[in-house]
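Enquirer: Before I ask anything, let me first share the structure, which is written out below as structure tokens.
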Amino acid sequence: MSKSEFQVIIVGGSIGGLTLAHCLRRAGIDHIILEKSSSPAPQIGASIGILPNGARILDQLQLWSEVEDYIEPLSTATIGLPDGFSFSSSYPQIINERFGFPIAFLDRQLLLEILYQRYPDRSKIRLEEKVTAVETSDSGATVTTSNGSVYRGGLVVGADGVHSIVRREIWRASKKLSSGLTAEFRCIFGISSAIKGLNVGEQVNALFDGLTIVTIHGKNGRVYWFVIQKLDKKYIYPNCPRYTKHDTTVAAEQLRNIQFYRDITFGQVWENRETASMTVLEENTFKTWHYGRLVLLGDSVHKMTPNIGQGANMAIEDAAALTNLLHNLQKISGTLSSTAAQIETILRQYRRIRYERVESIYRDSRFLVRFQARDGLLNILLSRYYAPYAGDLPADMASKTIADGVMCDFLPPPKRSGDGWKRYRRDGQLRGWRFHAMLCILMLAILYTWVGRTNLDSIVFSACGSLFQKLSVPT
């Protein structure tokens, strides 16, 4: 297959899929997107958090300036507990200052619209093309859609989400049939118009037992919100609950009277809703990322809860990392070879580059959703007796996660930046902090049984502070 014949077939016009198309276009690599929806930017009531590691890539692709028109950078986060105790952190503002890009939220629909409208050749984005079959061989890959169209290329990328047909074919072909995808939480999510008392640029995290209410207050007071609840048991994919609009309404009405911030109730958020939906929150990072000429990115291969805000950013990074490898092969060889051996080498490198980072962030996400839902005694203790006194620790931990992000190495780095990229980069040292965290948790349990809850405020902070302080020192 000659260079002119090599084509990347992207299954799914998701944020990851459209970002990959922009990356491939800038790298001069032929591609096409097959999207099952009739609209490139459907409104499903979801919001998207863009963190500096994702924003930096969008800036390289000359898309960030348009995204900025729709966002209000976060400056403050307030955390509230069931006993009425609350505290605030300026970690969002610190992140902005360190990296030159903010933590910000906007409608998922708006980001998709920007990615679609700013793509210059719409003929490469095929709507209403539902993929029904995917095949891979030594000589190429074939994709068939529901209308009978057949597409042939050198590589198929599954950017088709948690129910990925490309992943299903990888499992079948590689005989890896155990998914490992589980769900222990569900989420009601939506977008509401402005509510008096919820100030622009602020975020509220209200932590209850088995329940978390998160509101992010964006441009013009627009409220992006999540209500995360612990399920009655652990579900294993694909046998997870599916929810109707009626289910969403019933679940939301049951929470109507909960005061989550000062005198503001969830009922006020619900009454002001523009869109809302409910879904289970699947969790997993799959170990198998590719087979033959098939490869995965985004939610199709790593699914995490929204608490950490890195889901879309990981998909954006995946797109950049995969394009980097294809571009390097093209630069070295002068062509994109379609030999199975070279494709296999590229995909092995892609998985090796991405897996450890994604797995680390996935584990952070697993911890955070349980911490914010006060799931278990240890998380109750941490939320009440350590988190309020952690100072800049949340910003320092987030900085290390952000600084390790990849970008498009075939494009100039953004002109806007901050010293955080170099200062907090860990060069692959992703696991060290967990030892200290687990040790601190163990100490908390011992202290709890030793002194009881009465004196924990001072003792726990004193005993654990030195351990967590190690996390604040850039490596």
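Backbone N, Cα and C define each Cβ position, glycine as well.
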Enquirer: Quick check: of Gly28, Gly49, Gly100, Gly334, which does Swiss-Prot put in the same FAD site as Glu35, Arg108, Asp299, Ala312?
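Expert: Matched candidate out of Gly28, Gly49, Gly100, Gly334, per Swiss-Prot for FAD with Glu35, Arg108, Asp299, Ala312: Gly49.
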Enquirer: What range among 8-24, 314-330, 382-398 does Swiss-Prot record as transmembrane segment?
Expert: 8-24
Enquirer: Check the Cα-Cα distances from Asn147 (N-linked glycosylation site) to the binding-site residues Glu35, Gly49, Arg108, Asp299, Ala312 and tell me which is shortest.
Expert: Glu35
Enquirer: Would you kindly list the residues that approach the transmembrane segment (8-24) from elsewhere in its chain, counting only those six or more residues past its ends and only Cβ-Cβ distances under 8 Å?
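Expert: That would be 30-37, 40, 48, 57-58, 61, 63, 108, 111-112, 115-116, 118-119, 124-125, 127, 131, 134, 141, 143, 151, 153-161, 164-166, 297-300, 312, 315-316, 318-320, 322-323, 326, 408.
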Enquirer: What is the Cβ neighbour count of Ala312 (FAD binding site) at a 10 Å cut-off, with all protein chains included?
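Expert: By my count, 24.
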Enquirer: What does DSSP call Asn147 (N-linked glycosylation site) in the simple three-state scheme?
Expert: coil
Enquirer: If you measure every Cα to Cα pair among Glu35, Gly49, Arg108, Asp299, Ala312, the residues listed for FAD, what is the largest value in Å?
Expert: 23
